[in-house]
Amino acid sequence: LVLIAVERHQLIINPRGWRPSNRHAYVGIAVIWVLAVASSLPFLIYQVLTDEPFQNVTLDAFKDKYVCFDKFPSDSHRLSYTTLLLVLQYFGPLCFIFICYFKIYIRLKRRNNMMD
């Protein structure tokens with residue numbers, strides 16, 4: 001969505017300037033994938049597979065079942081990581097998209113006023 005907002009912003013704000021190409025799209029997609037994998041690495045590193053929650057259960061349906069848990073070194077590490085994810089994966093793109101579309105809105109409003 002961020003890349004779509006950037007493309008729309010560029011085409012409306014600077015129509016004769018930079019135009020995104022297929023190569024730009026592929027580079028943008030590759031960067032997004034690298035960032036997604038990098039931001040998920042702590043989950044991969046701190047995952048623990050255990051049958052601990054099912055050890056005291058007597059139901060046959062839960063025997064031999066396993067669960068993945070996040071086992072960060074401390075609660076402050078987990079809190080810092082999840083807060084960073086929230087900021088980088090939600091608020092960052094949301095603000096960026098908002099700014100792009102706000103600039104588009106201002107430009108289109110000015111064009112409309114010029115035509116009136």
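Glycine is no exception: its Cβ is also placed from the backbone N, Cα and C atoms.
Taken from Swiss-Prot, the feature N-linked glycosylation site covers Asn56, and the record attributes it to sequence analysis.
As annotated by Swiss-Prot, topological domain 'Cytoplasmic' applies to 7-24 (among others), with the evidence given as sequence analysis. Beyond its flanks by at least six residues, the topological domain 'Cytoplasmic' (7-24) meets 100-101, 103-104, 107-108 of its own chain at Cβ-Cβ distances under 8 Å.
Residues or ranges marked as topological domain 'Extracellular' in Swiss-Prot (evidence: sequence analysis): 46-81. Restricting the average to the topological domain 'Extracellular' (46-81) gives a pLDDT of 81.
Residues annotated as topological domain 'Cytoplasmic' in Swiss-Prot, with sequence analysis given as evidence: 103-116 (among others).
If one looks beyond the transmembrane segment (1-6) by at least 6 residues along the same chain, the residues whose Cβ comes under 8 Å of a Cβ in the stretch are 20, 25, 28-29, 32, 93, 96-97, 100-101. Look at Swiss-Prot and you will find 1-6 (among others) tagged as transmembrane segment, backed by sequence analysis.
Annotation source Swiss-Prot lists transmembrane segment at 25-45 (among others).
Among the features that Swiss-Prot reports, transmembrane segment is placed at 82-102 (among others), with the record citing sequence analysis.
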Per DSSP, how many helix, strand and coil residues does the topological domain 'Cytoplasmic' (103-116) have? 13 helix, 0 strand, 1 coil
